[in-house]
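Report on the following structure.
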Amino acid sequence: MSKKPVRVAVTGAAGQIGYALLFRIASGEMLGKDQPVILQLLEIPDEKAQNALKGVMMELEDCAFPLLAGMEAHSDPMTAFKDTDYALLVGARPRGPGMERADLLAANAQIFTAQGKALNAVASRNVKVLVVGNPANTNAYIAMKSAPDLPAKNFTAMLRLDHNRAASQIAAKTGKAVGSIKKLTVWGNHSPTMYADYRFATIDGAAVKDLINDQVWNKDVFLPTVGKRGAAIIAARGLSSAASAANAAIDHMRDWALGTNGEWVTMGIPSAGDYEIPEGVMYGFPVTCANGEYQVVKGLEVDAFSRECMTKTLNELLEEKAAIEHLLK
Ligand SMILES: NC(=O)C1=CN([C@@H]2O[C@H](COP(=O)(O)OP(=O)(O)OC[C@H]3O[C@@H](n4cnc5c(N)ncnc54)[C@H](O)[C@@H]3O)[C@@H](O)[C@H]2O)C=CC1
Ligand SMILES: O=C([O-])CC(=O)C(=O)O
């Protein structure tokens, strides 16, 4: 018997990432080739954006995806999130000319407060939320805090692009296949302060840190390359990463929903206090997923260099949190 369709809400659906994301969700790459989906698409109430969304929906129709059981266009999160099982919050306010970081945080705080409240009011009680729109960790924190009737653990931020970038850099450095890299993680904020950590990583059973054996490369090449990859792509493309971001969003949701078979992935999740990260901070951790739940990988050693890196990215998150806390009252 065929499965009952699930509802997937996507915000910023007419944007760059939306265009690289929706077709893959509708083709079953996110939730499985046997799982029908209903897409509930949200764009701003602006004629140009709504028209662009219509165009994307026409193209989705023209793909004749067998798993696409329905599709709706919305301009209000209260209708877009109705009964939704999955919510990918991609739409966010980009940084404009002369805008300071604090202005960006405040503009996005408004969006994610309203969207968190709407999820709280109308989404499925088991909704799985992934925030992609930047600053992703703090936006996810705001949405979570604005949805007190939903479990906090249902709110996550996207660190998977950083994870995938780190894996590719390690594959290039070692000459090994990217798919053979296990036990990699990225701690902290989706920003240049993130700490990509291959101390526990293995390739075909061998320790990556022994294969590389170069702490200078780690500190002076690997970490800055992964941390500044978003900016490097903007410099090269004139636009921020989109297909790779959509791909990471698919990876994140697929693994959360369908499981990782014991393998580690990185998710930004509200800290439960592990690794001395204060409770509630939306922080990248190594996790495994099974039965629709994630579990933090426990008991990893934190050496002095790692603690320094983990604290630096934590402090940035605490600063972002302090800058928006008054807006959550
Ligand atoms: N976490 C991550 O790893 C990554 C995050 N990003 C972030 O993802 C976000 C989206 O990127 P793009 O698709 O390239 O941007 P884009 O500008 O092409 O599209 C964003 C879309 O969101 C819509 N939007 C804005 N506010 C909205 C709201 N309140 N409700 C619904 N829709 C809204 C806009 O109308 C626009 O169509 C940006 O914040 C970007 O910085 C991008 C790459 C990686
Ligand atoms: O850097 C940006 O603006 C987009 C982004 O988050 C990334 O590519 O990691």
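Each residue, glycine too, has its Cβ placed from N, Cα and C.
Owing to the predicted nature of the structure, the values given are computational and were not obtained by experimental measurement.
For H190, the entry in TrEMBL reads active site, proton acceptor. Feature annotation from TrEMBL assigns NAD(+) binding site to G12, A13, A14, G15, Q16, I17, G18, N108, Q115, V132, G133, N134. Per TrEMBL, substrate binding site is recorded for R95, R101, N134, R165. If you look up TrEMBL, you'll see 6-155 marked as domain 'Lactate/malate dehydrogenase N-terminal'. Summarising the annotation, TrEMBL assigns domain 'Lactate/malate dehydrogenase C-terminal' to 160-326.
Feature map: TrEMBL annotations on the structure.
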residue : record                       : Cβ within 10 Å
G12     : NAD(+) binding site          : 23
A14     : NAD(+) binding site          : 25
Q16     : NAD(+) binding site          : 16
G18     : NAD(+) binding site          : 25
R95     : substrate binding site       : 14
Q115    : NAD(+) binding site          : 28
G133    : NAD(+) binding site          : 25
N134    : substrate binding site       : 21
R165    : substrate binding site       : 22
H190    : active site, proton acceptor : 29
Across all chains shown, how many C-beta atoms besides its own are within 10 angstroms of the C-beta of R101 (substrate binding site)?
12
Between the Cα atoms of R101 (substrate binding site) and the residue listed as 'active site, proton acceptor', what distance do you get, rounded to the nearest Å?
14
Sequence-ordered binding-site residues from G12, A14, Q16, R101, N134 with Cβ under 6 Å of an atom of ligand 2:
N134
Just to confirm my parser: what is the rounded mean pLDDT across the domain 'Lactate/malate dehydrogenase C-terminal' (160-326)?
97
Over all pairs within G12, A13, A14, G15, Q16, I17, G18, N108, Q115, V132, G133, N134, the annotated NAD(+) binders, what is the largest Cα to Cα distance, rounded to whole Å?
20
Using only C-alpha positions, which one of R95, N134, R165, H190 is spatially nearest Q115 (NAD(+) binding site)? These are the recorded positions in the record.
N134
Cα-Cα distance linking N134 (substrate binding site) and G18 (NAD(+) binding site), given in Å to the nearest integer
14
Can you tell me the CA-to-CA distance separating R165 (substrate binding site) and G12 (NAD(+) binding site), as a whole number of Å?
23
Based on DSSP, tally up the residues of the domain 'Lactate/malate dehydrogenase N-terminal' (6-155) by helix, strand and coil.
67 helix, 28 strand, 55 coil
Which binding-site residues from the set R95, Q115, G133, R165 come near ligand 1, judged by a Cβ under 6 Å from any of its atoms?
G133
When DSSP states are folded down to helix, strand and coil, where does R165 (substrate binding site) land?
helix
Work out how many Å separate G12 (NAD(+) binding site) and N134 (substrate binding site) at their Cα atoms, rounded off.
12
Compare the C-alpha of R95 (substrate binding site) with the C-alpha of each of the recorded positions Q16, G133, H190, and give the closest one.
G133
Cα distance (Å, whole number) from H190 (active site, proton acceptor) to N134 (substrate binding site)
8
How many Å separate the Cα atoms of H190 (active site, proton acceptor) and G133 (NAD(+) binding site)?
10
